Amino acid sequence: MVGSNQTSMVTEFLFSGFPQFEDGSFLLFIPLFIIYIFIVLGNLIVFFAVRMDIHLHTPMYNFISIFSFLEIWYTTATIPKMLSNLISKKKTISITGCLLQMYFFHSLGNSEGILLTTMAIDRYVAICNPLRYPTIMTPRLCAQLSAGSCIFGFLVLLPEIAWISTLPFCGPNQIHQIFCDFEPVLRLACTDTSMILFEDVIHAIAIIFSVLIIALSYVRIITVILRIPSAEGRQKAFSTCASHLGVFLLFYGSVSLMYLRFSATFPPILDTVIALMFAVLAPFFNPIIYSLRNKDMNIAIKKLLCLQKVFNEFAR
């Protein structure tokens, strides 16, 4: 182990997640930049469409709008730095910047995961107990669940980030990933790294617990839907939760690939692909999923875009 008098030598980390794209990094910069702009604009449209259409002022759409708002900041925590690294010869980040990136990225991700679980419970109550739904899912409870998801998502990671900030970093400073993540950073610490396994177990338990709640909710929901006598009724009931189920599969599918592998190691190119799926592709498809198969959302988005056109004409 290197002596503590050398711990101050490492003041920044070097990303090495894109080494194979070194020569054509600008070609990767363009599609990633376009995807990021689409994610931000797409989720802003979904957010404002829900907020401005009184017909969408329901718990389900309120949760969708909060999720879209979180997605904007979730991607902003990592993608701008990825873009900067693609066109910069010095692909570095300060230790403080790395800790902040980890904190906001995972806090926002945790908030989204909790919100997806809340949305599954909301759909369970709406479909399995429709008569009691208005009295159970009140506007006050809806606001409390939304705020609670965000507050808990940000508070739960504070002890972990505070602990990592106390670790000495005195050896190699290359992060073998495209953004700061727990395991790649912990492997660089000049201390006992056995805590990595403990971190993996904690994260795995949280992921599996959320997946089980959502999966059990949807098993029950699908069972109830199949008992509906009319085909039209079944289709209408399923359409109300199909988009959420799609986002759930996309979000937790990429999360599972990223964090439920424990000591398994993948080739660098596969690690990069999984990270891109987790941090970029999943958020890219979410606004598409929420607007593509949802008639009410389509109508609200068209109204919003028409209002924007009218505003632009008036501004001229």
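Numbering starts at 1 and runs along the chain as displayed.
Every residue gets a Cβ built from N, Cα and C, even glycine.
From the options 84-102, 103-121, 122-140, the stretch TrEMBL describes as transmembrane segment is 103-121.
Here the transmembrane segment (61-83) lies next to the transmembrane segment (141-164) in space: the count of CB pairs under 8 Å, restricted to residues six or more apart, reaches at least 3.
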